[in-house]
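Annotated features, as they stand in TrEMBL:
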| type | residues | note |
| --- | --- | --- |
| BINDING | B:36, B:44, B:49, B:89, B:128, B:293, B:334 | FAD binding site |
| DOMAIN | B:8-298 | domain 'FAD/NAD(P)-binding' |
């Protein structure tokens, strides 16, 4: 067991219990924070876009070409990732992410 | 031109669940028209993941999104549904009674008006619309300096045009508008493009010959007194910024789904979903049904197979509205000659 820290679009930080084998998108969605995850984790919609705290970037598997293609459809920062493509493992205990803004 | 169409049922959404509803209604001799905002049938299956394998459709160990749509189209072919693609249902007006519902349904810009006895909403996550980037005050420039689609190329003649994105739409419009624009700039987050290789090559040669500009970065903010756009501030990955002069910006960030006008039809909503009962999948408005991902009820699972079940049950109640005098006989396609006749397979 472990946790992730998620800062929502109002700047409030939430500490969520994480479950091994769940995608970070699924953890955020299951706790009821506003993340759309329209395509259900198929890496096809980029509505689960998050910014990952710099210190955690090297601990993640790098984005696949497929994820990069989807990141092309949102306004990114260098620390942008799709949270459906981050599988939570105990090594990610304490992972810090921020929900990216969404257009209207 | 306004068409007026009288039919039994209008189905909103040509995704897998809307398509299968055509089948279930067809078996009960109920005629329908299907409206979808996309230019093709299939909904998310065809638009978001046509090549992705699906493993939980009963009877298909594996089928792709497009494969499922193709099979559903073959399955409903005997019922000859009429499709109205590239159209969005804008308004729904009740013109009947709770016992004998009737609706006047109008699509975008009044292109089509339907008079129907029931309405089935199978709209998934809503209607597909261009994704708007989260840039402060972007709405204030929409329609004057910011466009999410090109309707008339000539609007951009002699304009300084900024195109944002790296997919087919961005690249196609880059090479198409470059000859008529005063100056064309393409902005993308990285030096890789997921568009047709020959279009990317064409863009690269235009950049090499100095006939257009390519920048890497993201739009941080817009300049100019709204609604007149004068430029964009671009942020590079290293955090530095620079400005690009432009009269118009065309962001091509793909499609997303929005609930859209459904929210204005007098239906109860719960977190952008439509609550229904689990006997008939009817909404709070008699005669309006919601099936598939767009509905909610205790225990709801957003699975395609759930939507198929929901469509079958909704069709039973629709039958009572369409044929109030007729008793509905429950039949199987394996044994019923009358159903087999409808399917065109009777011996």
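Including glycine, each Cβ sits where the backbone N, Cα and C put it.
For chain A, the nearby binding-site residues by a Cβ gap under 8 A number none, drawn from B:36, B:89, B:128, B:334. Of all the binding-site residues listed here (B:49, B:128), it is B:49 whose C-beta has the fewest other C-beta atoms within 10 angstroms. Largest CA to CA distance in the FAD binding set (B:36, B:44, B:49, B:89, B:128, B:293, B:334): 38 Å, whole number.
For the domain 'FAD/NAD(P)-binding' (B:8-298), the model's average pLDDT works out to 95. Under the DSSP three-state reduction, residue B:49 (FAD binding site) is assigned to coil, being neither helix nor strand. The binding-site residues examined here are B:36, B:44, B:89, B:293, B:334; by Cβ neighbour count within 10 Å, the least packed of them is B:334. Reduced to three states, the DSSP call for residue B:334 (FAD binding site) is coil. In this structure, residue B:44 (FAD binding site) is part of a helix by DSSP.
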